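Undergrad: Pasting a structure here, questions to come.
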Amino acid sequence: RGRSMATVNPRALTSWVGIARLLAVVLSCLTFSLVASTGHFRGPYGTWCMFTWCFCFAVTLLVLLLELLELYPLLPLSWDDFTSAFSMLAALMVFTSSVVFPATFISSPCSSSLCARQAVATTSSCLCFLAYAVEVSLTRAKPGDISSFLSTVPGLLKVFEAYVACLIFSLLDAYTREPGLMWCVAVYSICFIFTLLIIIFTIGRCLTYIPCSLEKVLVGYNFLALLMYLTATILWPLYSFRGRSRPDPCPADCWWNKSLGVTFLTIFNLIAYLVDLVYSTRMVFFRAP
């Protein structure tokens with residue numbers, strides 16, 4: 001009676017995608033190790049950055065092991081959709097950490113050994129972002145290929161839209177005093193929930209059970225989300241800054257900076273939903289014969 005042997009797939013490490021993942025693992029490990037050695041990562045921003053690097057390191061290493069041993073077909077999910085969504089999410093998270101960490105923890109002039117380690121950690125974090133960006137580029141679906149939805153431009157935009165909404169939630173502060181601001185929060189919440197459900201259902205292979213034309217439903221949803229974000233783009237700055245001047249001093253976490261951040265992130269998501277609508281419409285109504 002033969003003993004079952006694990007299958008090893010060397011291409012999981014030697015392909016261009018595998019090399020990009022290996023670089024991401026090494027660079028994320030180097031980054032959080034350097035930051036941990038400094039001991040200066042306290043507070044919400046430092047905790048977020050450390051979580052980002054550790055989370056991306058762990059999940060990317062798991063992806064590499066599952067592909068190396070060819071165990072991923074045993075998982076009850078769409079592997080291509082999962083890896084595409086994760087690489088996009090990791091690129092966004094590491095990019096955010098590469099901006100937030102030096103802005104929060106590196107002071108000028110930078111001359112001490114502590115600051116030097118922080119600078120090297122920032123550099124390795126930026127290189128880690130580039131590694132994930134390369135992976136996204138390599139795994140992105142070719143025009144006309146919709147076998148893996150989250151690897152298409154609309155699918156990658158779904159991950160971007162959900163992530164930007166999370167950033168908006170982290171900046172929300174004192175919005176219950178104005179009905180206009182409460183409407184904006186409702187817009188952010190509704191669009192985030194539906195976008196997240198689309199991502200989860202796609203990875204879990206549940207969209208095939210929906211008894212309607214999914215592609216046309218997504219086009220309709222993108223159109224409604226675009227209209228809702230258009231109202232939020234107008235109402236949020238109107239009600240946030242009306243009759244209120246910028247405080248002096250205004251530290252990084254003051255209400256003015258948070259409201260300004262929400263304003264720009266709302267505009268980013270408005271543009272993302274517009275591009276998403278254009279691409280989704282082309283995929284559904286203007287397919288090549």
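The chain as shown is numbered from 1 upward.
The backbone N, Cα and C atoms fix where each Cβ goes, and this holds for glycine too.
Note that the structure is predicted; figures quoted are calculated from it, not measured.
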Undergrad: Per TrEMBL, which of 156-176, 219-239 is transmembrane segment?
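TA: Of 156-176, 219-239, TrEMBL gives transmembrane segment for 219-239.
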Undergrad: Other than its close neighbours in sequence, what residues sit by the transmembrane segment (86-107), given a CB gap under 8 Å and a spacing of at least six beyond its ends?
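TA: Hits for the transmembrane segment (86-107): 24, 28, 35, 40-41, 43, 45-46, 48-49, 52-53, 55-56, 59-60, 63, 115, 118-119, 121-122, 125-126, 128-129, 132-133, 135-136, 139, 150, 156, 159-160, 163, 167, 252.
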Undergrad: What is the three-state DSSP composition of the domain 'MARVEL' (149-285), stated as helix, strand and coil residue counts?
TA: 109 helix, 0 strand, 28 coil
